[in-house]
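Data first, discussion second: the structure below is written as structure tokens.
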Amino acid sequence: MTQARPKIIDVAAGVFAKDNQVLVARRAKGQHLAGKWEFPGGKIEHGETPEECLCREFKEEFDVTITVGEYVAESIHKYPDKNIRLLAYYVTLISGNFTLKVHDAIKWVEIKHLLQINLAEADIPIAAVLEQQENQPVQP
């Protein structure tokens, strides 16, 4: 008898970058992956685009309004209980002050230090792409 494979859950993540730093949020106690830092976002609902998802999630989780910009990268990670496809996009704050509803902390981290914090496993490849982009020489 074969075991059913866990389905892939599509998740959108927002990369809020400013002055060579990005905003990360720590998952609160009682949440899946509690204590891990992540790029904020959430599950993409049926019929929703990643961009729509990010606007909704930032409003629900932080009470802020954002715009979604350029695509950053994709990460697929197999957790023991689920498979995640994480689609990351740059986001920009339009209005509001961050209010924590699902996370217990947010902080700015220099891009070069992202891989040194306790990131959720699915977010690590995104952090690696950001670090690689930061280290690329500027073309004349």
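Please read every residue number as a count from 1 along the shown chain.
Using the three backbone atoms N, Cα and C, a Cβ is placed for every residue, glycine included.
Caution: TrEMBL annotation is automatic and unverified by curators.
Taken as a whole, the domain 'Nudix hydrolase' (6-132) shows an average pLDDT of 94 in this prediction. Annotation source TrEMBL lists domain 'Nudix hydrolase' at 6-132.
The 8-oxo-dGTP binding site annotation in TrEMBL covers R27, H32, E38, F39, P40, G41. Listed in sequence order, A13, G14, V15, V22, L23, V24, A25, A88, D123, I126 are the same-chain residues at least 6 apart in sequence whose CB falls under 8 Å from the CB of F39 (8-oxo-dGTP binding site). In the three-state DSSP classification, F39 (8-oxo-dGTP binding site) falls within coil.
Secondary structure from DSSP puts E61 (Mg(2+) binding site) in a helix. Residues annotated as Mg(2+) binding site in TrEMBL: G41, E61.
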Pairwise Cα distance for E38 (8-oxo-dGTP binding site)/E61 (Mg(2+) binding site) [Å, integer]: 13
Least surrounded among the binding-site residues, given as E38, E61, when other CB atoms within 10 Å are counted: E61
